[in-house]
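K.L.:
Just dropping this structure here.
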Amino acid sequence: FADLVLETWDLQCERNGQEHRTAEMGCQQLVVRRGQPFTITLHFSGRGYEEGVDKLSFNVETGPCPIETSGTRSHFAVTDFPEESAWSAVVQQQDGGSLSISLCSPPNARVGRYSLTLETSTGYQGTSCHIGDFILLFNAWHPEDTVFLRDEDERSEYVLSQQGLIYQGTRDYITSTPWNFGQFEDDILSICLKLLDTNPKFLRDQNRDCSRRNDPVYIGRVVSAMVNCNDEDWGVLAGRWDNHYEDGMSPMAWIGSVDILKRWKKFGCQPVKYGQCWVFAAVACTVMRCLGIPSRVVTNYNSAHDTNGNLVIDRYLNEMGQEDRRSRDMIWNFHCWVESWMARPDLAPGYDGWQALDPTPQEKSEGVFCCGPAPVRAIKEGDLQLKYDIPFIFAEVNADVVYWVVQHDGSQKKSTHSSVVGKNISTKSVGRDSREDITHTYKYPEGSEKEREVFAKAEHKKSSLREEDEGLHLKIKLSEGANNGCDFNVFAVINNNTDTDRVCRLMLCARTASYNGTIGPQCGMKDLLNVTLTPRAEKSVPLCVLYEKYGESLTQDNLIKVVALLTEYQTGDVVVAIRDVYIQNPEIKIRVLGEPMQKRKLVAEISLVNPLAVPLNNCMFVVEGAGLTDGQRIKELEEPVEPQAEAKFRLDFVPHQAGLRKLMVDFESDKLTGVKGYRNVIIAPQPK
């Protein structure tokens with residue numbers, strides 16, 4: 001027989017991409033999911049392949065030093081009886097000189113970039129030919145994959161959806177901000193693989209690191225550490241919380257991960273400035289979805305940062321209601337992290353499913369700034385000893401807050417009110433733009449028998465201060481929303497739940513604030529020395545907060561913290577109430593004109609009214625949307641926008657992907673920053 005001569009071959013990127021749900025990554029490269037067959041075609045010149053005469057086999061290799069014992073190299077022959085637990089190749093069909101072969105990886109294969117080599121031999125003569133590279137991802141559709149997710153709607157939301165909503169604001173006023181995850185956009189996959197190849201564990205021992213890339217637990221831990229740059233590694237983002245972002249981008253200005261990851265690559269893996277918790281979480285979510293691990297961003301309201309691990313957050317106030325910064329423990333208005341779905345074969349049964357991963361640099365874990373994966377189930381059950389970092393997240397959702405009021409003589413009074421941590425834990429609903437509350441996955445109902453059992457197991461003595469019916473009650477209420485540029489009222493509502501007259505002093509103080517709990521200057525106060533409450537009565541005391549007072553010191557988080565202190569003269573008891581008021585930005589209006597169809601031009605009319613009493617300078621709109629805009633589109637306005645005038649522009653764009661898409665807009669200016677808006681657009685497929 002003459003030698004078998006390979007003339008051309010086709011990796012069928014487009015067809016395989018459709019079948020493996022990776023088509024949106026483009027058809028320039030072959031991207032497939034593990035455990036699922038993919039087809040390639042070989043064309044031989046001269047004569048075709050003959051079974052029994054010709055021997056065909058393949059070599060797949062990943063990583064810098066592939067070896068079979070590490071699972072980073074495999075050599076396998078074409079066979080009719082493939083094994084499920086190993087790489088395999090089966091002839092699908094033959095047509096003259098052309099041969100279709102179905103290749104399949106085991107469902108626990110290492111993910112990453114592989115090279116594929118074909119070896120042909122006839123008799124003793126053999127030749128080998130490198131026929132290309134392909135990228136292997138995790139497979140949430142395969143029951144044997146450790147990231148298998150049963151529900152198709154959940155898979156399309158948590159693996160395939162390139163856009164989402166992240167919850168911010170305050171516990172009493174939850175806001176959502178759109179985010180462009182963009183995990184299938186150009187170059188993002190190769191950047192995610194580069195991130196794995198610049199992680200310190202890889203640089204220390206490349207072979208060991210690559211051999212562990214079959215395990216989503218390991219990958220999650222690496223990603224959680226690599227999204228921040230706090231370990232002098234080549235991390236993606238630098239965090240900053242002090243409201244000075246002039247030498248970078250303000251964390252509030254980003255609307256997607258794509259821009260951040262591309263900047264990281266472009267500037268030689270130098271950290272991108274700047275991130276805060278939702279930015280870290282969203283970038284980690286993009287990387288995990290890109291690699292095929294189902295992931296979502298979650299927000300915890302009133303999130304405790306317990307630095308000394310005693311599950312108690314002590315806050316100190318002076319008699320004017322000002323915070324005294326003697327404690328490193330903080331309460332964040334909200335804190336975002338990521339949940340990723342995976343099995344935990346490294347733990348006892350029962351801990352598979354959602355795992356919390358927190359890439360925001362807060363505390364070190366095994367010497368590195370990373371956190372998780374922590375099984376959400378273990379957090380709920382108070383199993384603090386399991387891997388990884390459960391005590392820290394348990395504290396974020398369960399710690400007790402005690403307010404101490406420091407009198408002018410230095411003595412301290414404990415407030416009779418215990419503020420509440422771990423509220424309204426939120427994530428975007430599957431397939432809809434609404435909020436799903438997942439608090440019940442992290443904790444049992446307050447006051448329940450199960451909650452007591454969990455706290456006993458975690459050695460957490462929750463203070464028994466439930467809202468008592470006796471004594472004095474204090475709440476802060478808001479009559480209507482607070483809009484940027486406008487004055488607004490807050491009310492201290494006091495209830496006397498006793499049968500006697502009570503005489504008190506009421507201190508009401510408003511200060512601008514950042515979402516991580518730090519406080520700015522005062523922007524409104526009232527000190528009433530003589531408040532008399534008749535038995536069983538309610539009294540409401542207003543405080544007007546003026547724009548001329550808060551406008552200058554409002555941070556980009558748009559928060560005002562209102563503290564009320566009620567001191568009863570007879571007993572000296574102190575009651576504290578705190579409320580965070582979210583100052584609403586104006587709405588960005590987006591109109592889409594034209595018939596939304598793939599590869600056909602559309603026009604978006606984008607506008608916003610300046611709500612402030614001063615002109616806005618250096619106005620800029622930034623627009624992006626995966627599958628819609630082909631990267632970011634930036635429009636700088638030449639003229640200032642006068643008070644109550646409209647900033648607007650028209651954007652032409654040609655959608656290149658069909659389906660439900662989000663067009664996202666960010667508006668920046670000197671006085672109004674980080675204003676977000678989005679519009680859902682359903683793009684019809686191009687007629688065939």
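A Cβ is built for glycine as well, from the same backbone N, Cα and C atoms used for every other residue.
In TrEMBL, annotation is done automatically, which means it is predicted and not curated.
Quick paste from TrEMBL:
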type	residues	note
DOMAIN	269-361	domain 'Transglutaminase-like'
ACT_SITE	C277	active site
ACT_SITE	H335	active site
ACT_SITE	D358	active site
BINDING	N398, D400, E446, E451	Ca(2+) binding site
REGION	414-443	region 'Disordered'
COMPBIAS	417-429	compositional bias 'Polar residues'
COMPBIAS	430-440	compositional bias 'Basic and acidic residues'
K.L.:
Counting across all protein chains present, how many other Cβ atoms fall within 10 Å of the Cβ of D400 (Ca(2+) binding site)?
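P.N.:
Summing over all protein chains shown, D400 (Ca(2+) binding site) has 21 other Cβ atoms within 10 Å.
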K.L.:
Near H335 (active site), which of the binding-site residues N398, D400, E446, E451 can be found within 10 Å, Cα to Cα?
P.N.:
none
K.L.:
I want to check the contact list for C277 (active site): same chain, sequence separation of six or more, C-beta distance under 8 angstroms. What comes out?
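P.N.:
Sequence-distant Cβ neighbours: W332, F334, H335, C336, W337, T360.
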K.L.:
Taking only the binding-site residues N398, D400, E446, E451, which one has a CA atom nearest to the CA atom of D358 (active site)?
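P.N.:
So, of the listed binding-site residues, the one sitting closest to D358 (active site) is N398.
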K.L.:
I'd like the number of other C-beta atoms within 10 A of the C-beta of D358 (active site), please.
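P.N.:
Excluding its own Cβ, the number within 10 Å is 30.
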K.L.:
Let's see if you can do this one: DSSP helix, strand and coil counts over the compositional bias 'Basic and acidic residues' (430-440), in that order.
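P.N.:
Reading the DSSP string over the compositional bias 'Basic and acidic residues' (430-440) gives 2 helix, 3 strand, 6 coil.
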K.L.:
Cβ neighbours within 10 Å, counted over all protein chains: which one of the binding-site residues E446, E451 has the most?
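P.N.:
Comparing the binding-site residues E446, E451, the most crowded Cβ belongs to E451.
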K.L.:
Averaged across the domain 'Transglutaminase-like' (269-361), what pLDDT does the model get? Just tell me the whole number, please.
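P.N.:
Its mean pLDDT is 90.
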K.L.:
Under DSSP, the domain 'Transglutaminase-like' (269-361) has how many residues in helix, strand and coil?
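P.N.:
Tallied per class, the domain 'Transglutaminase-like' (269-361) gives 15 helix, 42 strand, 36 coil.
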K.L.:
Using DSSP, what's the helix, strand and coil tally for the region 'Disordered' (414-443)?
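P.N.:
Residue counts in helix, strand and coil order: 4 helix, 15 strand, 11 coil.
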